[in-house]
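The structure under discussion appears below in the form of structure tokens.
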Amino acid sequence: MTSDEPEDAGSDAAFDRIMETIGNDGPFQRRYNIIFNVIAVLFFAMCVVNVLLILAVPDHRCSIPATVNNTHNETQYQRWKESVYPMEFNSRGDYVPSSCRMYNISYDSVEESPIVPTNDTATVPCQYGYEYDRTYYDRTPITEQDWVCERELYGTNVFAIVRVSEVCGTFILGQLGDRIGRLPVYLFSIVTAAVGRVFAIFSARHYWLFAVLAFIGSFSTNTSFQSPLIIAMEISKDSNRAALSLWQLVGWTAGVCLAPLILWWMGDWSWFMIVTSLPCLLFYCFPRYAIESPRWLVSQGRYGACLTQLRKIATVNGQPFEMSEDQLRLLVPRPEREKTYGIASLFSGWHMSKLTCLLLLSWICNTIPTFTLFLLSLQMGGNPFLNNFWQGAVELPAYLLGQLCCDRLGRRFTNSGAFLAATIACLPVLLLIHRPGTELYVTMLAIVVKFFVCITYFALYLQSVELYPTSLRQTGTSFGIIVSNVFGAVGPYIVYLGTSRDLRLPFVAMGLITLVGALSAIFLPETLHQKLPETMDEGRQFGRDQRFWSVPKRPAAAASDRTLETELHELQKLHKPTS
């Protein structure tokens, strides 16, 4: 432990005392949380997923002149299919008329005398456009621009571009948040998301322009959630921080569930993009509550700006607050931080390198199934909007169960056990998905897989925060998200492999990935009831002395006494500058 560390701890205790005097659990915190961590997150969640929803591929087939100019009754329908469309096996293993090819014959006289094709009859790609099943999707970029068959990878590529954009945005904006502040990054995130999504409406006929705007709209996905949550945690008391994270997940789940229902109701992708994107700009309209983190301002030595934000909080909370800039500077001197080297410090020493690699592997094994299941819900049988709704709705009970298990069983067993349960849930899908009439069961099993994957996310996020020392905590968590999003870009291609080859393949891939996740998570050290590492040296030693089958136990009363002594020591230091 470095010599300046107790002084840093005293500075933190001093700022906590200041927050207590102006209210760290008052009306300001509650209103800020409702506005920016629940309602704003709800709207931003819809903005995040709307571009993914509109790129679902509906059932389609080749259009021919005879069906455009004439009509035919139901008794002729089977003869039409035999005369026009070659038969082939689809991704479910059913022998059905082709979606992308037609017989190379003249269709002018097919209505009067249908031609029975033979094996020698040549086939060609669709020559006269496509007909789409409009049961669920009316107007989307897919149906307007014919992004199917030869262009089927267009939508898949956009999905991958969205993931790459999130990686770039997390890397750049995450660092900017520590350099220029959380608030400007948050405001930038709002405007880029809204502008990118709304302008995409006018660019669908120009594919690469549409892809660029999808990149812009997804650039700030992660920081739009992280920035307000970090501010809320830095102005609230410690015991409320887990609840703040849970409330944000409630907002996210509500947005993910509402978005497909809105598209189902509207049926038009242009208005859907406007309704789910433009409301994000409304959160520029709360200047009284849109504050910069006063704790971050103090860490940067900006004491005057910090006092301005503290007075805003005190006024709303109804607490008197009289403090000069000099007094604040004496009470909370700018701390000297332990020197680190960014991402390179995550691999300093064999033990920390091992922990980082295991965490990265767990993040990858969580992100790929999450994104794959979301996209797959749009391609499975039944109502795609309800499929997506239930996959979103299952997140909240998963997070609640995840919190309960993490506090009772520990992070390690919860994470590994949930990964293993997801692997087991994939197995019956492989047996059912090709059987007719099993769409409902397959959908329910996919929801079960999503449920367990969400539990792994909750446990994994806690592990990432708790395994790294204080100076690397945010860097390590952000690095895990960045790397997992890079690998998450293969999710759309896993779905494409399933829809174009065999619908079982995505579940085979997810089962193997979650099995690897279970193995990687079980070798991470337990963090429940453990003293979290503060310095790099503590981080390099954390978990070395734990037994593999150890069960987390609450700390003894003596440990509580030592904590109390530490707090008393910090409070004594707090009064030294004013004595």
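The first residue you see is number 1, and the count goes up from there.
Just so you know, glycine gets a Cβ as well, placed from its N, Cα and C.
Annotations in TrEMBL come from automatic prediction, not curation.
Owing to the predicted nature of the structure, the values given are computational and were not obtained by experimental measurement.
Feature list (source: TrEMBL):
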- 34-57: transmembrane segment (TRANSMEM)
- 106-529: domain 'Major facilitator superfamily (MFS) profile' (DOMAIN)
- 183-202: transmembrane segment (TRANSMEM)
- 208-232: transmembrane segment (TRANSMEM)
- 244-263: transmembrane segment (TRANSMEM)
- 269-286: transmembrane segment (TRANSMEM)
- 355-378: transmembrane segment (TRANSMEM)
- 417-433: transmembrane segment (TRANSMEM)
- 440-459: transmembrane segment (TRANSMEM)
- 479-498: transmembrane segment (TRANSMEM)
- 505-524: transmembrane segment (TRANSMEM)
Using a Cβ cut-off under 8 Å, which residues of the same chain at least 6 positions beyond either end of the transmembrane segment (183-202) come close to it?
44, 47-48, 50-51, 173, 176-177, 210, 213-221, 223-224, 227-228, 231, 269-270, 273-274, 276-278, 280-281, 283-284, 290-293
Give the one range among 34-57, 244-263, 355-378, 417-433, 505-524 whose Cβ atoms make the most pairs under 8 Å with those of the transmembrane segment (269-286).
34-57
Tally Cβ pairs under 8 Å between the transmembrane segment (244-263) and each listed stretch (208-232, 355-378, 417-433, 479-498, 505-524), then give the stretch with the top tally.
208-232
State the non-local partners of the transmembrane segment (417-433) in its own chain: residues 6+ outside its ends, Cβ under 8 Å from one of its Cβ atoms.
92, 362, 365, 369, 402, 405, 409, 441-442, 445-446, 448-449, 452-453, 455-456, 459, 503-504, 507-508, 510-511, 514-515, 517-518, 521
Per-residue pLDDT averaged over the domain 'Major facilitator superfamily (MFS) profile' (106-529) comes to what?
84
For the transmembrane segment (34-57): best-contacting stretch of 208-232, 355-378, 505-524, by Cβ pairs under 8 Å
208-232
